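**Student:** Questions regarding the structure given below will be posed in turn.
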Amino acid sequence: MSVQVAAPGSTGLGPERLNPEELVRQTRQVVQGLEALRAEHHSLAGHLAEALAGPGPVAGVELLEEKQQVVNHSLEAIELGLGEAQVLLALSAHVGVLEAEKQRLRAQARRLAQENTWLREELEETQRRLRASEEAVAQLEEEKSHLQFLGQLRQYDPPEESQRPDSPPRRDSLASLFPSEEEEKKGPEAAGAAAAQQGGYEIPARLRTLHNLVIQYASQGRYEVAVPLCRQALEDLERSSGHCHPDVATMLNILALVYRDQNKYKEATELLHDALQIREQTLGPEHPAVAATLNNLAVLYGKRGRYREAEPLCQRALEIREKVLGADHPDVAKQLNNLALLCQNQGKFQDVERHYARALSIYEALGGPQDPNVAKTKNNLASAYLKQNKYQQAEELYKEILSQEALPAPLGAPQGGTAGEAQQQVLRRSSSFSKLRESIRRGSEKLVSRLRGESMAGAAGMKRAMSLNMLNVDGPRAARMQLSTQHLNEASRTLSASTQDLSPR
């Protein structure tokens, strides 16, 4: 006799996929069925035992013993099934506990991960604020020390020309951060001394102070301080005023100045193109600041040897300055000098002579023949004549430069001004005459060498050639020439700012 117990709902065709809850429910039903079968088999085993204990035929006893063995075997199978079912139920309960614990731990891990992310973000924000605070503190300390130093120096300075009622208005501004060739060696104070005079746009004092700091750092070679300082200020301006704002263009010019000093001409050119676009949009295409940026771009292209690209930029800057400032303005003459240098590097000597001649006429009309800019322009024109082998014209220009009977006002006694004012002009022009004298000396050496067919002589021999052979004058004229040369030598030790060639070095 055998009894089979099937799970309710089972078709017997194969295993079915059940979820854990359904499996536990069916296992419990099977346990109940097995317990009922066990009770039934115990009852059968009892009846068989009673039957075997009573008298009966031998054949009947053998049959009863066989049935008893089958029942006992079934009881063993039922007990085994019950044990396995109990184990399954216990395992199911344990798995349920583990699953609940796993879900709890998983939720806790998610919460901890969120808290960790939040803490990381807070830490990064705190570190960023700390770095910004440290940079701000360092910047303020540097600015404080710089301003204290400037304050200590200011008490020894004479009154500035811009503070005297009889002085003409200055047009130096932060709009021209790459000065013209005559202005390139002026100090940072000259570059940031005044606001823009055209279009009603005034450079903020904060940017002028920042520009002075950047110039100071760059002159010391501390570009690792100057560049982050510029970039931080640029980001602050873009956040507060937007990208298309004149102050942003000014800041781009300052950063381009730092890159130019590092000989990173490509990066500086990109920044100046951005500044040019901003100034054209905000100030108009014919604003003096646009002309200054165009001139700066032309200077950069010239330093990179890209003279063809620089020339139209310089030409456009000239047209703007002629229209806004007038055809006889000093800035127009400076622009003509730059344009002449670009043309000279391209071999356009006819244009070079025309531009220098016009610049010379402007300087002579404004300052007379004693204006230092007249001597500089004549020296540049003489150099152009030398490159064309026009030795006679170059000799005449060098004679005019060296034979001036009267020197500029700062070299003699003050005429209608205080000694302090004259000394201030002397200091501003010292490097100008120093470089001019050196340039004239080199040009004269070339001229004498070519005229006489000799090699370049030393400095001592050159002085004799200049006095005896090249000038070829005598009497009072020779004395005046010698006196002028002596004055020019003295000027090289006392006077200031000069031109720089646009050609690459």
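Placed from the backbone N, Cα and C atoms, the Cβ positions cover glycine too.
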**Student:** According to Swiss-Prot, which stretch among 1-20, 101-120, 121-140, 261-280 corresponds to the feature region 'Disordered'?
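**Tutor:** Among 1-20, 101-120, 121-140, 261-280, the range Swiss-Prot annotates as region 'Disordered' is 1-20.
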**Student:** So what's the average pLDDT for the repeat 'TPR 3' (291-324)?
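**Tutor:** Value for the repeat 'TPR 3' (291-324), mean pLDDT as a whole number: 91.
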**Student:** Go ahead and report the DSSP secondary structure tallies for the repeat 'TPR 3' (291-324): helix first, then strand, then coil.
**Tutor:** 31 helix, 0 strand, 3 coil
